[in-house]
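A.B. asks: Structure below; questions to follow.
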């Protein structure tokens, strides 16, 4: 009995000590290899130093393909803190016949060698004779089981506490059964790892994620928003949707079991976030305003354009239906790109445009005809609805511009002064439709030639008469013209107009880019 108890206690101490040392990592360097080094502009081979938070563990990883018994290495390098890599000194893939092999390990250069040993189920033969157990066996068993159970609970609790944010271990994308839509070949079966939540909304949330050596955005929809996810995927998959001013699409995925399914949309990641978030924290110069506004207009103009005869097919005209500053993202150089096509309509010849239910989008940005429920269900009518919302976004930009000879307003969404933060549909109908009010264009904005031109353009975008509104192409040309004709030198305290041009002939309203 004494010997059994000592043995059980020793096993318990070993189990607890293994949990106590979690979090240590001795991985400082890993073998580096990138098969796509020319495209990614990296070294092809070398040694990579691993960096990370002190309380995080670091690992090495390797991915490879086995084609006709030939090993083709895809990537090797450092890997982030990952439960699946803990205490693995050898880089071994154990999954049964994966398309792309992936392994991770701990220890310097441990990914120099990698191997594939699939786990196999071992069945015990039933014909073996049962040997009598020694009398102390049951005593030892009864002593060990409770202690091991306690040790297991302690270890599991520690793991859950320390890694509760790592809800998604690294996975190979696309999955074997993504369901409709089909898996995206652009992902190339690369390891994808979620890092942090960047935004939450009615659709779900947006994660910053790592796809090998680059950051991407992963928009995760709950299953009840499947229609929005499906619509975004279909719009992004149309011919000709690769454009500098439209958010870059990478892939769409269906994750989880039939009981608990999440829908993923993977796009390029932009650290500056949305135009709305940027304007909350920053003011903009005249040149910055013009650059953001022009690139936003070019993105919307391209979206609205019907382009036949492209190499990959016919790009139809597309109405966004939810243009707002939250759905305009900014690249590092402040180039704008249009995002979020969950409500978009595509106008393909001979096909239905889809759900043309009138009152969709964000109330604050709804055009008068949408608020009235008096939409003409034709293509041009939907494009003009986008232009009304674009006028409001341009107003947001103007309200944060330092070029005007007056104070810069605190950032506000459109109609906050008139209605407040949470307008009802009835509030919007009263102010926009019946009273025909719009956000205030400050008098001192009009004193500057360029800002005066911008204010005129804004008013023509949000005109109550939908047919009188400017096209996105015309807005882009006007802003280019404004910037060219108005040369402004700004300092911290002075705005000097060097060239003022009046009586300018603007491009026609239906001009396209």
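The backbone N, Cα and C atoms fix where each Cβ goes, glycine too.
Since we're looking at a predicted model, the values are computed, not measured.
Annotations for this protein, taken from Swiss-Prot, read as follows:
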SIGNAL    1-19  signal peptide
TOPO_DOM  20-135  topological domain 'Extracellular'
DISULFID  30-60  disulfide bond
DISULFID  50-78  disulfide bond
DISULFID  85-104  disulfide bond
DISULFID  91-103  disulfide bond
DISULFID  105-110  disulfide bond
TRANSMEM  136-161  transmembrane segment
TOPO_DOM  162-513  topological domain 'Cytoplasmic'
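Map the listed features onto the structure and describe their local environment.
C.D. replies: On the 0 to 100 pLDDT scale, the model's mean across the topological domain 'Extracellular' (20-135) is 77.
In the shown protein chains, 29 other C-beta atoms lie within 10 A of the C-beta of residue 60 (disulfide bond).
Cβ neighbour count for residue 78 (disulfide bond) (all protein chains, 10 Å cutoff from its Cβ): 22.
In sequence order, 57, 59, 61, 79, 104, 105, 106 are the residues of the chain that are 6 or more apart from residue 85 (disulfide bond) and have a CB within less than 8 Å of its CB.
Under the three-state DSSP scheme, residue 103 (disulfide bond) falls in the strand class.
Counting every protein chain shown, the Cβ of residue 110 (disulfide bond) has 25 other Cβ atoms within 10 Å. Secondary structure at residue 110 (disulfide bond), taken from DSSP and collapsed to helix, strand or coil, is helix.
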A.B. asks: Could you find out if DSSP has residue 50 (disulfide bond) as helix, strand or coil?
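C.D. replies: In three-state terms, residue 50 (disulfide bond) counts as coil.
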A.B. asks: Please give me the CB contact count at 10 A for residue 30 (disulfide bond), counting all chains in the structure.
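C.D. replies: Its Cβ has 28 other Cβ atoms within 10 Å.
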A.B. asks: Show me the subset of 30, 60, 91, 103, 110 whose Cα is within 10 Å of residue 50 (disulfide bond); these are the disulfide-bonded residues I mean.
C.D. replies: 30, 60
A.B. asks: Across all the protein chains here, work out how many other Cβ atoms are within 10 Å of the Cβ of residue 105 (disulfide bond).
C.D. replies: 25
A.B. asks: Have a look at the disulfide-bonded residues (50, 103, 104) and report the one with the fewest Cβ neighbours inside 10 Å.
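C.D. replies: If we count Cβ atoms within 10 Å for the disulfide-bonded residues 50, 103, 104, the smallest count is at 50.
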A.B. asks: Given a separation of at least six residues and a C-beta threshold under 8 Å, show me what packs close to residue 91 (disulfide bond) in the same chain.
C.D. replies: 60, 61, 62, 103, 104, 105, 110, 111, 113, 114, 115
